[in-house]
Amino acid sequence: MDPAQNQPNTEPPAAPAVEEAQGVNNSEAEAPAPAALSSVSPANPPITAVPEATAPTTSQESTIPGAGYKLISTIEGHTKSISAVKFSPCGKFLGTSSADKTVKIWNMSDLSCERTLTGHKLGVNDFAWSADSKSIVTASDDKTLKIYEVPTVKMAKTLKGHTNYVFCCNFNPQSSLVVSGSFDESVRIWDVRTGMCVKTLPAHSDPVSAVSFNRDGSLITSGSYDGLVRIWDTANGQCVKTLVDDENPPVAFVKFSPNGKYILSSNLDNTLKLWDFGKGKTLKQYQGHENNKYCIFANFSVTGGKWIISGSEDCKIYVWNLQTKEVVQSLEGHTQAVIASDCHPMQNMIASGALEPDNTIRIWRSDS
């Protein structure tokens, strides 16, 4: 499913607000639709490694004193909407996925494309790196996940079991398990070694938009268009907590904070919420961006200042002060909705990706 049509068929309502954290897609579908990046392709195309040069460019960004991010490069290479951008845990690579059915791996030293992972029959909605940066798992509209060995560009396993678009995925910190969420409304847990599904959680009553492990892998959080954020015990598959406000707009994204104590959720009512999930309460709410159509990634940035980062449907990337909730910067340069973003694990750097016809990845850096 192409991110450019990843939107619900209901109009989400507005939500409420209130302390400390550390730190897409397009197809004709029955479901309301966060999802994927479909387009028809030959069955099982070969996996290829395609080196590509990229041309850095510059652009404008509007700055409110605080974060100091500036555009340093624009990367081109994908032919359709960007669905996800993620730095490798080692910080040496940037992965990007797209409706064009591929994942590309860019070397951060010169922004050259080192590898292109192919094999999916339809668009790739999401992907995740293993902890050692040597494997990638992908989630696709073709209802499968695939695990690739990055150094050899080898497709190691295909994970089958979901009955609708696979929209989101993540490795646990030990890289022994993969969690996935789907338009079939389920969350599945997979054994990486065998490629078998070890648990199927009847998680939600609408498509699952995001899944994430906590820092030790003992818990999973999932978000859905049913408006719920749920926390699951990884070992037994039991739901240990459901987070919901008085208003429950569709949940577009969820992620544990780096210290594992909080959950950041993105909601289709133009808000981000920081939850103390132990107490089941919203601590903070971040506003100012536009998000009522697409599943947009949000991030904690803890390498410099403590920021919350998110793309926006107004073609910008927004940076909030985590504690004060103020917008400290908005980054301009993309020409379409920015649904993908990530923060570098060691440097004050952001990667962002936009819908078609923009199709670009942009790299932003702060020297503050």
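Here the Cβ of each residue, glycine as well, is placed from N, Cα and C on the backbone.
Feature annotations, courtesy of Swiss-Prot:
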COMPBIAS  16-42  compositional bias 'Low complexity'
REGION    1-64  region 'Disordered'
REPEAT    77-116  repeat 'WD 1'
REPEAT    119-158  repeat 'WD 2'
REPEAT    161-200  repeat 'WD 3'
REPEAT    203-242  repeat 'WD 4'
REPEAT    246-285  repeat 'WD 5'
REPEAT    288-330  repeat 'WD 6'
REPEAT    333-368  repeat 'WD 7'
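Break the repeat 'WD 4' (203-242) down by DSSP state and the numbers are 0 helix, 21 strand, 19 coil. Helix, strand and coil counts from DSSP across the repeat 'WD 7' (333-368) read 0 helix, 18 strand, 18 coil.
Note: the repeat 'WD 5' (246-285) comprises 0 helix, 23 strand, 17 coil (DSSP; helix = H, G, I, strand = E, B).
Secondary structure of the repeat 'WD 3' (161-200) per DSSP, as helix, strand and coil residue counts: 0 helix, 21 strand, 19 coil. Per-residue pLDDT, averaged over the repeat 'WD 6' (288-330), rounds to 96. Under DSSP, residues within the repeat 'WD 6' (288-330) fall into helix, strand and coil as 0 helix, 19 strand, 24 coil.
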